[in-house]
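Per TrEMBL, the features are as follows:
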REGION    65-106  region 'Disordered'
COMPBIAS  82-106  compositional bias 'Low complexity'
DOMAIN    126-195  domain 'Ubiquitin-like'
REGION    515-534  region 'Disordered'
COMPBIAS  525-534  compositional bias 'Basic and acidic residues'
REGION    542-576  region 'Disordered'
DOMAIN    593-670  domain 'UBX'
Amino acid sequence: MASDSGDSNMDREMILADFQACTGIDNIAEAITLLELNNWDLVAAINGVIPQENGILQSDFTSEASQATMYGPPSHPEPVDAAARSAGPPPSSSSSSSSPPLSSTSAFCPINSSTRHIVERQPRMINFTVEYRQKSVELMLEESSTVGDIKGILQTELGIPASKMHLKGWKSGDVSDSTVLRSLHLPKNNTLYVLTPDIAPTASTSKNSALQDSLNQNFLLVINHREAQRDYSLNFPGSKTIQEVKRNVSDLTNIPVRHQQWEGWPASVSDDSMTLALSGISYPCHHLSVCRRSSPANAQEPTEECTDVHMISDSEGDDFEDASEFGVDDSEMFGMSSSSCRKSPMMPENSENEADALLHFTAEFSSRYGETHPMFYIGSLEAASQEAFYGKARDRKLLAIYLHNDDSVLSNVFCSQMMCADSIVSYLSQNFITWAWDVTKEANKARLLTMCTRHFGSVVTQTIRTYKTDQFPLLLIVMGKRTSNEVLNVIQGNTTVDELMMRLMGAMEIFTAQQQEDIKDEDEREAREMVKREQDEAYRLSLEADRKKREAQEREEAEQVRQEQMRKEQEEEKEAIRLSLEQALPAEPGEESGEQISKLRIRTPSGEFLERRFLGSCKLQVLFDFVASKGFPFEEFKILTTFPRRNITQLDPGSTLLEAKLFPQETLFLEAKE
């Protein structure tokens with residue numbers, strides 16, 4: 001066997017088949033997980049599962065001599081012939097609980113023509129913790145063992161005849177000794193309880209005696225059905241489990257176990273597999289009440305109510321009183337002859353709301369086949385399609401449409417063994433949107449065909465019509481495309497878990513390839529849109545900058561116009577004042593006037609000189625008005641003498657030139673005020 005991972009000449013289906021054949025792992029999902037952890041390297045995956053001392057494959061051999069060491073453990077050097085290969089491993093055996101039965105037979109690993117080596121087959125092992133009175137026994141058996149094998153081991157360990165044992169704690173109810181463990185779909189670890197009502201308790205402790213007495217006692221449960229306002233008085237032996245009581249009450253009230261809401265159980269009740277004797281209920285009579293949890297799917301009340309009874313029929317009929325004294329036939333116990341008490345349809349006929357119909361379908365499916373099932377989408381087919389096909393490419397999924405038909409003999413087997421298998425449930429939940437519909441009633445079937453025609457076209461509708469009742473149930477695998485939806489596969493009810501898983505995986509491979517293309521296209525489109533958005537944003541910012549620049553320029557120009565207008569107004573005002581002052585000045589006296597004349601020479605800041613004659617009796621205000629009329633207002637300029645330096649503007653404007661000593665002549669100069 002070649003040791004390089006990812007052998008290009010071996011496809012994954014062949015690797016998966018080889019890996020299962022070599023390791024004995026029947027769970028496809030578990031096998032795929034182990035292979036993916038080893039990057040689909042078959043040798044590495046086998047080496048990781050099978051211990052080194054059990055003749056595992058080695059990935060570093062390079063010669064014929066090294067290949068010869070691969071044909072079994074050193075203690076079994078003889079090659080296995082074809083007859084031994086076809087016979088398979090013998091059934092397991094055990095002698096005590098300390099030595100749980102393990103397969104010790106080596107089997108061929110039929111990988112391919114170029115890679116044939118013998119490895120030890122390792123079947124799936126299941127652990128059991130068995131409780132009996134004060135004893136606890138740990139067991140580990142192959143899933144190919146039967147319930148009778150467990151009893152055989154317990155007979156050796158506990159010293160109790162197997163025929164006297166009652167094993168309780170099975171999630172699926174009572175099972176026969178011939179039941180194979182694999183068919184029960186058990187988890188890795190399980191807890192069972194051994195009851196021996198026909199064997200008197202030993203005198204080891206008073207506690208053991210009291211417990212056995214409780215198991216042999218009959219408990220009267222008075223159960224009030226709150227919706228129907230009726231009381232049921234039921235006798236149960238202490239060996240009955242709470243789960244069995246709830247199932248019997250489900251038959252009486254038509255309330256599935258998962259929808260039952262109880263009041264009155266002791267706080268110590270933590271597990272439905274607990275017996276009544278261990279539950280802590282009152283003896284000899286205990287009162288309980290039950291009702292249906294509020295749910296749109298369960299709003300319809302049963303049309304026929306079962307008759308009050310004081311006991312229920314059971315395979316252990318000797319433990320109960322005769323029901324005939326209460327006026328109830330054995331055939332009518334718990335509605336065995338009444339369809340209304342036995343089970344309700346998977347989906348109500350002519351339901352107006354698809355979501356309510358799907359809620360009812362899910363509740364009824366769980367009631368019939370257990371809580372382990374695919375998570376059905378609650379909503380219309382259109383909403384399920386939107387959820388699966390029209391999100392982001394990375395978030396899209398395949399759409400699995402489950403079509404149920406109660407009239408088909410394959411329905412119960414397909415639902416319980418395929419749809420409720422852990423591997424199928426896990427794979428559907430991770431990769432599919434699962435939508436369901438019941439086509440048992442013609443009205444519901446016609447409604448489905450109308451929906452399929454609208455969403456998938458007439459071809460799909462015609463395909464569904466061609467299937468006969470005994471070919472149901474159907475599982476349609478639908479993939480969304482850019483322009484239309486395509487049905488990749490139609491899986492009929494007559495299949496196996498392995499075949500169903502392989503077909504689901506095949507559809508996923510097609511979908512994954514298409515999804516990668518869609519993701520690439522979406523990324524490229526988003527990149528283009530991002531560039532366009534960046535360009536649009538840059539253009540918007542450029543326009544915004546231009547707008548702000550234009551507005552600033554307009555504001556600046558408006559300010560300049562305003563300032564210019566103000567300047568003109570001020571100049572006009574000054575000119576008006578100057579003219580008024582100039583006109584108000586007294587006439588300049590002549591040189592030959594007989595009055596005292598003062599001749600003043602005034603130098604301006606520009607170096608020019610202003611000359612004028614004034615009467616000596618003139619007020620200084622006349623001098624100030626003369627200077628202002630020449631453009632040098634009193635508020636802005638001061639008049640100074642040369643020597644000594646005096647500020648004439650600080651003198652009283654009402655004094656005369658003579659009083660200011662500006663006579664007969666004086667040279668002055670103007671200086672701007674600070």
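The backbone N, Cα and C atoms fix where each Cβ goes, glycine too.
Remote same-chain partners of the region 'Disordered' (542-576), defined as residues 6 or more beyond its termini with a Cβ less than 8 Å from a stretch Cβ, comprise 631, 633. Along the domain 'Ubiquitin-like' (126-195), the predicted structure has mean pLDDT 85. Helix, strand and coil counts from DSSP across the compositional bias 'Basic and acidic residues' (525-534) read 10 helix, 0 strand, 0 coil. Broken down with DSSP, the domain 'UBX' (593-670) shows 13 helix, 28 strand, 37 coil. Broken down by DSSP into helix, strand and coil, the region 'Disordered' (542-576) contains 35 helix, 0 strand, 0 coil.
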